[in-house]
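What TrEMBL annotates here:
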BINDING   A:Leu85, A:Ser86, A:Phe113, A:Pro114, A:Ser115, A:Asp116, A:Thr155, A:Asp184, A:His187, A:Tyr209, A:Trp239, A:Thr265  pyridoxal 5'-phosphate binding site
MOD_RES   A:Lys210  N6-(pyridoxal phosphate)lysine
2 protein chains.
Amino acid sequence: MSDFKATKAMFHLPEGVIYLDGNSLGPLPKATAQRVSQTVTQEWGELLITGWNKAGWMEQPMRLGNRIAKLIGAPDGSVVLGDTLSIKVYQAVASAIEMRPDRKVILSDSGNFPSDLYMADGLVRTLGDGYSLKVVAPADVAAHLTDEVAVLMLTEVDYRTGRMHDMAALSRQARDVGAITVWDLAHSAGAIPVDVAGCDVDFAVGCTYKYLNSGPGSPAFIYVAPRHADTARPALSGWLGHEAPFAFDPDYRPGTGVERMRVGTPPVLQMAALEAALDVWDMVDIADVRARSIELSQLFIEIIDERCPDLPLASPPDAARRGSQVSFHFEDGYAVVQALIARGVIGDFRAPDIMRFGFTPLYIDEQDVAQAANHLCDVIEQRLWDHPEFKKRAKVT
Amino acid sequence: MSDFKATKAMFHLPEGVIYLDGNSLGPLPKATAQRVSQTVTQEWGELLITGWNKAGWMEQPMRLGNRIAKLIGAPDGSVVLGDTLSIKVYQAVASAIEMRPDRKVILSDSGNFPSDLYMADGLVRTLGDGYSLKVVAPADVAAHLTDEVAVLMLTEVDYRTGRMHDMAALSRQARDVGAITVWDLAHSAGAIPVDVAGCDVDFAVGCTYKYLNSGPGSPAFIYVAPRHADTARPALSGWLGHEAPFAFDPDYRPGTGVERMRVGTPPVLQMAALEAALDVWDMVDIADVRARSIELSQLFIEIIDERCPDLPLASPPDAARRGSQVSFHFEDGYAVVQALIARGVIGDFRAPDIMRFGFTPLYIDEQDVAQAANHLCDVIEQRLWDHPEFKKRAKVT
């Protein structure tokens, strides 16, 4: 059994704060400051340009990709880091759609993160020629997954409600109708067991600053199934995806395997933060993380049910159909979340009325959960949120 | 007159190293380690998710864009940071080509950085429908700039030879034939005076880790002329380019101005490094930097001319036609550069036979230049490069 007391000690959590927003930005692992500082002063400062070789910066996107691969059921050499998640979504969908030249539909759902939909929409407009993005309700995806669909693009865990798609079943159905799958694992990687190889997924993408705790704006990752990795065309054909980047050939020739999905120079300081953050995963089993996250989420729901039975759960009540977060509907949810932050409980709000709380066993325990649930009920029962200070919207909500 | 003794003191330069590769990766400004550390421990560590508002992370790409705008002759509010240069090239060209729906040719030259050509090639393939990328010799660009050209995509300073295009003249000619201009300022920003507004440039892009010293993999920037900024369509339509990112609308509506070119979450740690690095520009005038860089380059050329007259200059002999670097042809240039590195002189090599030396007055003085030139001549005259150790190619050359 994974030792979550030990993992909690690996994170810096500000005094008096209960952090239930690791699903948006993971907290700082204690080892990170030192690791980043080493990259700045010892590597960049002392090695200068030779750091690309001597400090291994150039290989880092694949090296760290291999560590993430273990968390999502991907084989060695099939995952690479780089860019932002939106860019990785674009790359995956652009490559996927070319594999079905006789089809023109990208199927997605309204539970997808908006940026995924926006990126696909942008791609469709650039492709022109009758291509389209079809967005249906999450529950209707299976019914619309026909042999007209070129690409099925879904986020496994809904960012607002935590509702989970059945990745295995939908991927199987996609394969049966000849559609290529692109799964966004933003709220999956590091939160729940994922098995991209076992589910026969074609492409997967995800971010590292949520449950992987790599820091604000750290790079995304992309998985390409080995059966496609040497044939998928990179639409964003950057020099580091070239077969021989330093030959400076006038013509683009995609590199071998998933490395062809590299584009430009990797963000070395953010990579250093990611490297430090990944160490915690050597100490825990993702199955234990999942089991514990369910316990914590259930405890939260039970206390709310008991004390605030009128607060409508926005997440699936069945833990097996829910990611590592619990959400509630509340019209003045923004103000409630602000009032909670004032009490040291950090969750977040997603328009129009979702209060969202993430349960990450790496640094959250029962005591935190019980306290947070009681604070939430206090704020609601006593209408503590009903104060102008809490209703003033910040730019980032 | 700018005080270059004072600026030199602002950089950490390893003992015994003469760094002539700031055109590839600028050295570490002394203030950077502290600034990055503050972002890691005080901002991320203490503020967690609230850092997006409280530490101003969300506004940073525009805030720092305004500081870069000053260096390239762009008005306030017309430059934004994000992604890699390759991605920014793609965005600029994709937006530009839509502005000329009756034209299908992107014109560029063989002196452009290969990744720019690769990205344009990828775009052309996604567009399909008769679009093409036409690559001509640098000297032939003007002759091929006809009213068939939708987009003129050039890098102002050739990464190998330092040859400069005449941005004003080519931009004027482009405007006269109705072509949209996309200028890559990778080797211009922070090296030479640039006047994108005065040259009536449509789009410009550049990187920050060369002459702007922001560290390995730090983000790129994009300039959109204010006359296009509210109409250019972002092909990479990410959520942070949306008019209201936190409304989570199902439909994409591009934001106001250049912010629509934002895509995903900005790399906050790299941004912190950039912020610290930009302070040096408050102390110097770019015209002084240029004048001094020419003096240093001329001194380098004179010493080489004197001691190694047979070494063929690959750069334009006329300093006015050359960026902030000097290059020479030498068949075994790779080995020469390695032998120089062993002596503490860091330049770099670009295939097939270019030895490249950057002259950045912010931290390079006459003494450095004279020493470096003499080392180069020693290595060549005495064939010190002709050693197996120096011929072993590293992955990054």
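Here the Cβ of each residue, glycine as well, is placed from N, Cα and C on the backbone.
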Run a quick check on A:His187, A:Lys210, A:Trp239: which of these recorded positions have any Cβ-Cβ distance to chain B under 8 Å?
A:Trp239
Under 8 Å by Cβ from A:Ser115 (pyridoxal 5'-phosphate binding site), counting only residues of that chain that are 6 or more apart:
A:Leu85, A:Ser86, A:Val89
Binding-site residues compared (A:Phe113, A:Trp239) - the one with the fewest other Cβ atoms within 10 Å:
A:Phe113
According to DSSP, which of helix, strand or coil covers A:Thr155 (pyridoxal 5'-phosphate binding site)?
strand
State the Cα to Cα distance, in Å, between A:Trp239 (pyridoxal 5'-phosphate binding site) and the residue listed as 'N6-(pyridoxal phosphate)lysine', rounded to an integer.
28
Taking only the Cα atoms, work out how far A:His187 (pyridoxal 5'-phosphate binding site) lies from the residue listed as 'N6-(pyridoxal phosphate)lysine', in Å, as a whole number.
7
Any same-chain residues 6+ apart from A:Lys210 (N6-(pyridoxal phosphate)lysine) with CB under 8 Å of its CB? Would you list them in sequence order, or say none?
A:Gly22, A:Asn23, A:Ser24, A:Leu25, A:Gly26, A:Ala186, A:His187, A:Ala189, A:Gly190, A:Ala191
DSSP three-state call for A:Ser115 (pyridoxal 5'-phosphate binding site): helix, strand or coil?
helix
